[in-house]
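One structure below.
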Amino acid sequence: MSGSSTASPEESRTYGSAPGRWSGYMRELFASRRPPPLGSVDPDKIEAAAREKLKDSPGSFAFVFGNAGSGETFRNNRAAFSKWQIVPRMLRDVTHRTIETTLFGVTHPSPLIVAPIGCQGILHADGELATARAAGGLGIPMILSGAATKSIEAVAKANGSGHRWYQLYWPLNDDITLSILSRAKQHNYSALVVTVDTMAIGWRPYDIDAAFIPFAHSVGIQVALSDPAFMKAQGLEVDSNDDVVQFPYDPAKFDELYVNGDEKTRRGVKLAAAWGQQAVNGVFRTWTHVEFLRQNWEGPLIIKGIVSVEDAELAIDNGIDGIIVSNHGGRQVDGAISTLLALERIMASPKVKAAQASGKFTILFDSGIRSGADIFRAIALGAQGVLQGTRAFAEGIFAVGRTYAYALTVAGQAGVEAHIKSILADFELTLGLSGYRSIAEIQGKAGVATIKVE
């Protein structure tokens, strides 16, 4: 049989998996008799392909995998997973499985949520539009980063009838905040995710060494450039151009244009500075400020960046609907607690467990997810959904995660689709081979479905 031929139905069944929406993807790949759309389903190889694709734009690649300080937090995230081992059960009827889950009253086909990653336009010409189309087509919820290179409106259009949430990098000006929230509501972003661990950018050696900060060239501030309140404050009209990012992004070219007095470039730099005074500016918000968002957002309000038990309990006290246990993929505080250990500690709180059991408080997990087994372990520890997008660590390779960003780099929308299908096929197969038919059978079952080893 040649490498380009297609297997017959009978042959493909020999490569098949048990019935399941996502695990059937493995059967499709075998039946195609061709390499996967990304060339591999191995995250290491996808990372290498992305690195090669961006070889002429090394700053863009470093921006994806860079981390805070020495990278200790980044390594902690992965090391924590190896301390929890899955305990498979045998001779159980798990032929028919589902990984559907319900979050904030909405049933989704899986527990996976596409995490917010900023500046996707430096990775692929379509940027966030490709990610939105992929997520929408597969029915997977996505979170649009407040540091996007496409507007709220353009991403909503690309996402179609998909489920989408908006991540807020909180402006100081309340009028601008209200304008952004209004746009998100109008375009059916159903949940608001407030990132609280990035009031200032962490110490990131890779970016510092290269003096790489695309925001300075107005790359990654399209939400602001397309916002009426922000632009009015600058005495300008809204920038309706959703192709303001030139791909590949070349910071040296921007610098040259600026020095030579290019009007458009200088305008962009000025606007970037103005936006920098509004968001991620070193002004640290407190719980007392959260009430403003609660009063002006009717849907689920989720706090992203929680790693302490005390903060999880304060979220409950402050009427927050859910938290995302996250350390920003190790990009903010070097030496910080791993997210899996943070999740374990948070779920040991009687107050948190009671709030979750009542249906009033949702626990989501981020930072370090790299495989279906990782999803299994996070859910067993108590998470109800997982974000995939932040970096993971593989032995011998400094940074290989943020796999969907790498997939976007390599193959755009098709790459993101392939990655989502792959990790969910992996998870569904892991679930079945471990003796379980549904998310409900493992959620919060640490010590039974998984066991901790020291």
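Including glycine, each Cβ sits where the backbone N, Cα and C put it.
Remember, TrEMBL labels are computer predictions, not curated facts.
These figures come from a predicted structure and were not determined experimentally.
Summarising the annotation, TrEMBL assigns active site, proton acceptor to His328. Taken from TrEMBL, the feature FMN binding site covers Pro116, Ile117, Gly118, Ser145, Thr195, Lys304, Ser326, Asp366, Ser367, Gly368, Ile369, Arg370, Gly401, Arg402. Annotation comment: TrEMBL describes Gln167, Tyr169, Arg204, His328, Arg331 as glyoxylate binding site. Per TrEMBL, domain 'FMN hydroxy acid dehydrogenase' is recorded for 37-452. Summarising the annotation, TrEMBL assigns region 'Disordered' to 1-21.
The glyoxylate site in the record is lined by Gln167, Tyr169, Arg204, His328, Arg331, and its two most distant CA atoms lie 22 Å apart. Local packing around the binding-site residues Thr195, Ser326 was summarised as the count of other Cβ atoms within 10 Å of each Cβ; on this measure the leading residue is Ser326. Taking only the Cα positions, the spacing between Ser367 (FMN binding site) and Arg331 (glyoxylate binding site) is 10 angstrom. Figure note: comparing Cβ neighbours within 10 Å for the binding-site residues Gln167, Ser367, the maximum is reached by Ser367. When the recorded positions Arg204, His328, Arg331 are compared by the number of other CB atoms within 10 angstroms of each CB, Arg204 has the fewest.
The two recorded residues, Pro116 (FMN binding site) and the residue listed as 'active site, proton acceptor', have Cα atoms 10 Å apart. Per Cα geometry, Tyr169 is the residue among the recorded positions Tyr169, Arg204, His328, Arg331 nearest to Thr195 (FMN binding site).
When the Cα atoms are compared, Arg331 (glyoxylate binding site) and Ile369 (FMN binding site) turn out to be 15 Å apart.
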